[in-house]
């Protein structure tokens, strides 16, 4: 259960309205790595966490903070949009190049849809969706996703930070930058803790590890004869898991003579084929239908042996 | 420019068709962390890479391999769908519980849309989209995303691996598991190389780092009075960057008295407000319109001082 | 800013796992009118609300409760998925029709993607997106949307309620049904309060009302000569606004002789046209180009007069 | 079956082209509450309506009118785009601030994709999708959604109305505003008719109403200790259904000691857990696998008792 | 403007309900090539058509027919769903394999969301969106898209036709198959008419044709040394346009020594680069910033020369 | 399996950066008919092709070329974005109308998300998704889709070609225009080859052709009494298939007296109905429930006779 306190975690006071900046800052609200993403990703991971105690509490703490970050940003956006012109026309633009830029660059939905408030969308106006988030139940994999999300989120914030001179906006973004620096470390420390607690040996996702192909797990295949990829650490020295020596294969060749060719499907699906049945219109090769039906029966029988 | 070799990188030969497994394996083709995602993510990162030589070549090598992984999976799916029933009816189900399961659980689009082939969609039938991928131009941030993508991809593969006894499917997935183990390491080694080459000091995204808030970058705020999050490594000991001592703040309070309240917008937008203008119907408060227009002019003037 | 309490608002204890029911209950989590929708809709309306005091506080209170409702549902789903089969195969189905149903009907992403937890998706597996929510800043319009969301949400809940005999699931859904009954009333009472406070006269959105066409605002046009729509209250008696007598127009005719025909665009766009320029290939009609360019200049000049 | 009459319902004659306005008016075509939404929502409700006679006829009449409204808007947009520049360049912008605004603010897809016509997208360029519409078969719930759709649609129209001085555009929007005023009333009158005909007692969706929790259906829970939400009508006085006295609960507490913690899933899913099985790597805790398999069997058996 | 006639164009009377078939037939309603697609594609093309007379009338006639086809299908779906179980449970499935199949394979949203009606979604439950349709204003290109849409639509219909023995369903699908056969021809005849009317010479989109590269317009490049693509008509004989002899290039090589490498962007964007500025952390290379700023000014100046 | 060659197929060297043009060219990268679409469409068709030899090789050759076309465009975009301003502000715009246009019209995600690189999105910023592509396994239908894709792709390219004077951009687009001209022909020649090889008689998709309704397959129904559609070739003369004489039906009437009315569903779904059960609240009509349950049993039994 959640509670609300009617103060922002950190102030969101721009010096002046700026509709163009508001259009750009939408990326930090509803972008692939905006605050909605980390808010929802951590809430779902917290709710999905099956380890009671410090792990679950930690995730829920961060998730709860992030709801407040969306709150900070929506407040900032509403204030940046204070003077968003509801009536400005081409005539005004003719007299004022700044207005021309605002007319061109401001997000029309900031006026039409929200009446001067933030949108739950990115800087291109695309609605946020849960295809951006992950909660797999596997803390190692999810903490890796979280480090990445914080790094990308910080980078986007940093780029926007350089796009304004507004002291009030920069103050808030300095807070956000710091949280992203901190949160990157926190999730990396979370992986250290998972190792310390015996949930993973080395921070590499290796479930069913004994079953994996023992050649392909330490080999760099190169697919361009002129590639210089062999010069990097990823192509030489010991692996991080198991201490094998990395193998570098320049100009890699197929490991099989199997070709990417599917079988003839049920003729009733009218797929173009010839194969064993001879040429002909889809679905009408002699005997194809009967054979297809027989296949269905036989193959499923085989599945039960 | 690319070339094609008409052999699979690794064979994709199931022992028998299995339409139910095919429905599940769609997640490994077109899911959030399916092979299409890593293929497209690495292609875009390679094309966006501005550092010629080993970094760009390495990314392009992996990207090129991943196109072939989608090829392997689409071939496997077509073979698993060989016997997908194009005509089976409820009558058949009445006599055969297995067919009942197949009828219920197979993906109808495997018959209707592709005629017995793989779909560029996930296990729920949702089309793949580029909202899943990232190419920021910043190699550190992108390599972090790549580690996460390989960990999640490997986990999904491992879960599907346990859902079948088919020797041929398991053979191919063993290859894929190994590549994901290896690729996790490769991107981590890539970060080591970035450090060695001086592109980052410590693997933490810290652009504009001097500007960030110096309190908030090493503080854990807890938002549940009964939270045990303070017991973890993320709440004690030195930070990974700068060697500060982590501060743990239980039951965190707002750092400001600023409230999440936006300003009254242009009355022509008919937002419900009262604030300084007195109560009234949206857009018709006395003087509100005139004041709104004056605001527009003044605020933008302010932006130019 | 938000806080978290590590207890559910209401218990979520199913009697037994039920993977099929879990697949259906996804609609109540991530559907068009699932709990994520009301949670996010109210949070955004609260953040967008410019009227401090009871309105803003009320919206934020409900929004905060709804975060907890998503928490209840994700907990319920995880428990319903406890026995979700990670290994079950066709062989098992052959021996057990129930397993056949489970194999066919359970959501494979519940195993592959979340490892036995809820998904932020609907019952068809479609990711939730912010295209489902609205926060216009206009409280009257938004409260109307909220009444509708609660009515639809309650209806979906009620349908799912009838699909299970599980006492524990039904207990929780009885709580949810009650909240939806209550919340429908609350938003209707909110409209009463808006009227009492003078923000709207009659609960009908009527901004720029004096400007609207005074014929079309009380006329029912019918477009099927055999329509019986004229028998309803919507076709007779006084309007709710302004007390005009409703006019019913059977077999309505166009109110204009204007036809739906666009002008010839810039020839450089290669649209097929003839119009005033004579027949010819797109983009090559004699003089069309020159005329098009002249049009651009003249029309924009006209815009500035 | 449908018929077409090659005249617009109401004329769509702008005084002059205006590519910027065209970009904004896309919201009224393909936005969340644009004409495509009401057209498709009412068509689907009409087709889903199981009550023959006045209800079904009324819905189909309105739906049929709305197809014509999309036709009016697409015609208007094509005319506003008449002079959309197919070739304008930065050089032109250097000499003309208006052109600069047009270059910046016009929708490039209006030239590239449609060749000077309307797009089936919103003002941000996002394609329209059926996630915006609802047809539940329950007329009460759907009429509530329709009132909301008309209110929001009217508000968006009203905001755009204020963004132009074009007499021809304003004429058409005055017609649209009037229809939206009227349609709000029509759906409210539809609810009155449902009450009169005995399909609902009070206009509140209350299916399975006797089963709902009898405390939670008249209680306002507040989640912020400083909330002033108790001052509104929604927190005092009688309910609209059943005439209970509303209960206001400040600083609400959890109603249960149940915590949001899911059970340990099948170890083959590699979820991080400890719980009853002791600490360990996901999927490898001693005995966990065997126990998981036993769980599957037992729990499903339980489902059949 | 449109009118409605309250009869179906063709009857939609299934012999019996069949919830599984209903789930599959969703593809014909809301799939990529379902009836909603052709309905909306032709409506938009008709509205976008700038050639008055037979072309515009023909497109509007077909579009109007297609609205009625969606109506036929939604009626059929509602009837197939008549007995869709609102309460069936696992217990019922235990006793009846058919019910098990129905439980597994029926679309749960058919009960929960529509209450036994069709959904505006495809067979995987994905909402229909306008990304499926095209209306470019260029009739030749659009007629080509229409031929394709009818061919694909017919194929999907034909596959579903084979999945049922229901005489009533088959009757209606026989009508639909015939319309798709006819409509393929109609759009091909439309291209013949465009040629006859001089709107295109040869049915190939060739705007700006004189400007195109005169080598690349008749050359088949092969990218697999073992490719047998040279054996087809597409690799030999005269072209359809201009009568050149097709050139076949086996094992094609790059036509340039230009490499896919982007320039170093503004250092304030923190992209990883080295290039001319020497190695270093993104954004901090000596002199990089100053140089970047100078670039901005100089390059834009260049744009105006 | 694929290989990469680190040279572009054709050079991508703009004369100068141009952020506005880059925003528009996104349509050619990630639009409905951008290069990503043809790349992915042909790859999936190639992988789905069951006819080994010249057909499969031809499709894979073209698909492989198209990967390289995306590479060319991403390189071009990165170079056009070289000077994309990372810091420009309203102050700069005040002094420079060109900058005002750039500020307004450039895509902010080109700076914030990619750091000066191409996006996998269209000109409106909408992410690319696999809903744009088709691979049905039926070569005739797919080649029809490919002709359409090339025609539309060429048209979009041609429109953009006219929007710039940059010699380097035009050079590359001239190559792309030529490939699109060529590829249109290639797919048409592919259909000729299918006819020659006996896979189709006449290039019309006609699976289950004998079963189709023999009236509806050569009849033009008109739905507007004033339609002039009868003047075109599509309304007179012989059909392309079977040589019947086309029948033109002006002012078409319904072919049935069947009305679009669904049956009353299970009362537990709370759909509003009356029908045979008399008026009443949804779900509570006397006897409705019992009858509904009986219906379920009887109808499914019927399905097995």
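Positions of Cβ are set from backbone N, Cα and C atoms, glycine also.
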Site-mate of F:35, F:69, F:183 for Mn(2+) 1 in TrEMBL, selected among F:150, F:226, F:231, F:245: F:150
Integer Cα-Cα distance in angstrom, residue F:69 (Mn(2+) 1 binding site) to residue F:57 (Ca(2+) binding site): 19
Cβ atoms near residue F:150 (Mn(2+) 1 binding site) (within 10 Å, other residues, all chains): 27
Chain-internal residues near residue F:35 (Mn(2+) 1 binding site), provided their CB is under 8 angstroms and they sit 6+ positions away: F:28, F:29, F:66, F:69, F:70, F:73, F:153
Distance [Cα-Cα, Å, rounded] between residue F:57 (Ca(2+) binding site) and residue F:183 (Mn(2+) 1 binding site): 15
For the binding-site residues F:57, F:61, F:66, the one whose C-beta sees the most other C-beta atoms within 10 angstroms: F:61
Nearest-integer angstrom distance between the alpha carbons (Cα) of residue F:61 (Ca(2+) binding site) and residue F:183 (Mn(2+) 1 binding site): 12
For residue F:183 (Mn(2+) 1 binding site), nearby residues of its own chain (Cβ under 8 Å, 6 or more apart in sequence): F:38, F:62, F:146, F:150
Cβ atoms near residue F:69 (Mn(2+) 1 binding site) (within 10 Å, other residues, all chains): 25
Binding-site residues (F:57, F:61, F:183) in Cβ proximity to chain E, threshold under 8 Å: F:57, F:61
Intermolecular Cβ proximity, binding-site residues F:35, F:66, F:69, F:150, F:183 versus chain B, under 8 Å: none
DSSP-derived structure type at residue F:57 (Ca(2+) binding site), helix or strand or else coil: helix
Cβ-centroid neighbourhood (8 Å) of the Mn(2+) 1 site, F:35, F:69, F:150, F:183 excluded: F:38, F:39, F:62, F:65, F:66, F:149, F:153, F:176, F:179, F:180
